[in-house]
Structure formats: structure tokens, C-alpha cells
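First comes the structure, then the notes that go with it.
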Amino acid sequence: MSFFKSSQPTIYIPDTLRNWPWPREINPHYEECKRESAAWVEKFGAFSAKAQKAFNKCDFNLLASLAWSRVNRDGCRIGCDLMNLFFVFDEWSDVSDAEETRRMADIIMDALYDPHKPRPTGEWVGGEVTRQYWLNAIRTATPSAQKRFIKAFKLYTDSVVQQSADRDKHLIRDIDSYFEVRRDTIGAKPSFAINEVHMNLPDYVMEHPVIKNLTAYCIDMLCIGNDLCSYNVEQSRGDDGHNLVTIVMHQLNLDVQGAFDWIGKLHDELVDKFLEEYKNVPTFKDKQVTKECAEYAFGLGNWVRGNDQWSFESERYFRKDGMRVLTERTVVLLPKKREPPPKPLDEDPIYSALPWWGWTALFGFLATAFTFSARQLSTRISANLIA
């Protein structure tokens, strides 16, 4: 039985992975790492109780354990923590303007560059989340993986700032320029650094044309898969400007189903390209490098499957209806919500951090403003009564 009951149109989601050879795999350390990572991120109080409950239903630890199904326990925990960090930033930036998102991005990167430095009192919580995440990760991550992760995470945070700027301007990009930004906002590049978290892959491997092509195809498939699954909830709350479905509808003058179908065909082309290129995964004189290169390439293919499975198995996009949608591929288009999305915290985080003298000044200003507004309102009411 469908979870959604409505007179709204029904959308068919293309079965993009019908020919994908990677099966569903889950890391054997999932349950243990989920408990630890969920408790870890919850202790920061980054969300209100209501928002935290919704956050937990998304089960980002499941995404990590599906995507990094073959890393060891340390790698699984690093992956779970990273997914939780990603979505702390994601949830906060979704309701912030570009200026505020830039401030948060700078805090994150400062914590990555120097995780041994204590974070300032009263700072946005993401700084301490990042610092603790990276302190744990660098205990076992190889130097090459650390270097690539930090470089990729800078691209990611910068792109999220750009996404906020686009949202501030109500900008709808064209398909090409959208992909330029989306390839970083998806967070795949730093995630792929966790594929190699305990490997020692030289730069010449990562710069090999085959590996670069596989990485590019994988990123685009992740962008498409995420946008197809997230579109319904995003459009319902008016936050679909950074979604390929909206971009395609706008540029190609298609309806929702037409855009889904067009995007499905694009994904089919990427599947064909990836599988053909996968036959050419390079070998090297160093047997260990060849082994790790093959494992890295396998991990790219597994990421596509893992991300898709999580989209349906978690409650982030389809609530409890995900497994039916995975099989039947249909969803009812949700009606538009009138209210804006809630802040991650019940209170405004800026006001909650004010010292006593800040509160005094704020209340003084509000009292003055209220008195002035009340006088204006009284004058207008009197004028209306006289008229």
C-alpha cells in the first residue's frame, strides 16, 4: 500500500540501476559503528529534539556502511562520522544565506587544517564536530588519503556556499553550469578519499585517464540518483532550485515526468560509459598499487549501488514507503508546503549565543521597536475608524 494518498500526479522514477552489476553489500561493522557515530554526533546538540529525531530517521550511518562496504572497522567509523558531518553542514546551510554559509564553511576548514586547536567558545557547532571527526580519522588514514580529503573538502564547502548564493538570488542554472556546481555539492570527491583511507595510492594512479573517467562518471551518476530521489520532497518545500529535475524542466521546457525520463536516459549513457571504461582499469609494476587501484575502482561502482539503496531504505526521501518505491518506481507528487523549512534548532543560534549584555541591548531595541510599531498601528486603526 502506498504511503502517500493524494489527488496529485504520479511520477515514475526510472530504474537507473537495472543493469548495474554491483549487488547490495553492507559493512559488517554497520550496527556497531552506527551506535557509536549516532551517539557521537547527537551529543553536540546540533539540532532541536524534533529535528534530531528526523535526522536519525535518515540513518546516514546506513549510507556510509552501504557505500564503504569493504573497509575495516576504523574505516567504517570514519565513514559514518563523515556522513553525519556532511549532513550537519547540509541541514544548516539549507536554511542559511550565502554569508552565513561562508562563515560555517570557513569554520569547518579551519578545524580540518588544525584539528589540535581548541575551537572558540560560542562558535557554530560544526567546528567542533569537524575537529573531532578529523582527529579520529587521521589516527589511521594514510597521508595520501588525508591530503586528497582536505583538498576535496575545500571544493565541497566552497560549492555549498555557491549553492546558498544561487538560492539567495533564486537562480536556476542551465544543465552544464548546474553540473559544474553539483559535482562538488554532492560531496562525492571527499567521500572517495575514504575509499582509499588506508591505501597508499600514488598521484599517478589518481591522475590516470581511466581512473579520472570512472570517477567523473560515478560522480554524475550520484548527482542524478540523488536528485531523482530527493526532488519530490524538495519541490514540496520550495527548495528544488538546486536539483537537476528543475533545471531540465526549465531549460528543455518539459513537465516533471518528461524531465525524469530525460534524466533517466542520461543516466543510462553514464552506466554504459562506466562499465565500458571499467574493463580498462590499469595495472602497474607494483603489485600492491595494482591491487589497491582495483579496489578503489570497485569502490566507485559500489558507491553508486550503495547510494541508491540508501535512498530507498532510509526515510529521508520516501519515509516508510521506500522499499515499495524501489520496486514499483512510482511516487505521488507532494503538494507545496506553505510554511518555510524549520531551523535546525528551535531557537536562532545567533541569539542563543548572546551574552547578558547582548540580551539587554536586544530587548531594549525590541521594546522601542514594539512601542513605535504599536503607535503606528494605533494611528492606522484610528484613521480607518474615522474613515
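Think of each number as a place in line: the chain as shown, counted from 1.
Keep in mind that glycine also has a Cβ here, set from the backbone N, Cα and C atoms.
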When Swiss-Prot is consulted, the range among 90-94, 100-104, 120-124 described as motif 'DDXXD motif' turns out to be 90-94
Most Cβ neighbours within 10 Å, among the binding-site residues Asn226, Ser230, goes to Asn226
Distance from Arg316 ((2E,6E)-farnesyl diphosphate binding site) back to Glu234 (Mg(2+) 3 binding site), taken between C-alpha atoms, in Å
11
Listed recorded positions Phe87, Asp90, Ser230; those within 10 A of Tyr317 ((2E,6E)-farnesyl diphosphate binding site), CA to CA, turn out to be Ser230
If you count, for each of the binding-site residues Asp90, Glu234, the other Cβ atoms lying within 10 Å of its Cβ, which residue has the minimum?
Asp90
